[in-house]
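Asks: What follows is a structure written as structure tokens; I'll ask about it next.
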Amino acid sequence: MSPNYMRSFSEGCLRPPTVIGQFHTLFFGSVRMFFLGVLGFAVYGNEALHFSCDPDKREVNLFCYNQFRPITPQVFWALQLVIVLVPGAFFHLYAACKSIKQEDILQKSFYTGFYIFSVFLRIILEAVAFWLQIQLFGFRVNAIYMCDVGALEKKFNITRCMVPEHFEKTIFLIAMYTFTVITVVLCVAEIFEISCRRLGFLKTQ
């Protein structure tokens with residue numbers, strides 16, 4: 001791919017054709033990623049090291065932590081951010097290859113429909129991620145986790161495990177849910193803005 005295509009692709013990703021889309025890029029690219037990258041590491045970075053069970057043995061702690069966290073929240077949210085970026089990136093890659101200017105996207109019905117479709121996909125992916133997050137993490141992190149260690153062939157089947165910084169993790173969970181809701185609202189608002197521009201209620205950029 002030539003440098004011109006790469007430049008057009010990067011400009012399209014950073015400067016979508018709508019005002020709300022540009023705000024979404026700013027919100028998505030700065031606030032959400034900063035929150036996950038910096039604060040997420042501070043809250044979840046050493047969770048496995050401080051996760052302890054009774055008896056406090058390495059094999060029990062490791063087994064129960066893997067049961068408690070089938071996937072770590074940082075990995076899940078990082079995958080969510082990457083996957084949600086795919087529809088928009090695919091559209092802007094197509095626009096770059098076809099040499100479509102950003103101001104022309106809202107002028108032609110095919111380009112507009114393609115762009116709206118990418119926004120709809122973003123909404124669907126966010127909704128699926130929201131549901132998966134509920135299934136995996138719930139809305140609250142309890143201080144005590146009851147672990148089933150029957151597979152380790154111990155004398156006991158259930159052991160108590162202490163979850164470190166459970167209150168901070170609960171706040172972080174709520175924040176990530178909130179970010180997902182805000183992203184979906186921005187996507188819906190972006191579709192509304194496109195509709196208004198196509199109908200002539202707003203001036204095209």
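Don't overthink the numbers, they just go from 1 along the chain as shown.
Cβ atoms are placed via backbone N, Cα and C, with glycine included.
What TrEMBL shows for this protein is this:
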| type | residues | note |
| --- | --- | --- |
| TRANSMEM | 25-44 | transmembrane segment |
| TRANSMEM | 75-97 | transmembrane segment |
| TRANSMEM | 109-132 | transmembrane segment |
| DOMAIN | 125-194 | domain 'Connexin cysteine-rich' |
| TRANSMEM | 171-192 | transmembrane segment |
Asks: With pairs fewer than 6 apart in sequence excluded, do the transmembrane segment (109-132) and the transmembrane segment (25-44) have three or more C-beta pairs that lie under 8 Å?
Replies: no
Asks: Would you kindly list the residues that approach the transmembrane segment (171-192) from elsewhere in its chain, counting only those six or more residues past its ends and only Cβ-Cβ distances under 8 Å?
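Replies: Answer is 16, 18, 20-21, 23-24, 27-28, 31-32, 35-36, 39-40, 43-44, 73, 77, 80, 84, 116, 119-120, 122-123, 126-127, 129-130, 133, 137-141.
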Asks: List, by number or range, the same-chain residues at least 6 past the transmembrane segment (109-132) whose CB is under 8 A from its CB atoms?
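Replies: Residues 17, 76, 80, 83-84, 86-88, 90-91, 94-95, 100, 177, 180-181, 183-184, 187-188, 190-191, 194, 198.
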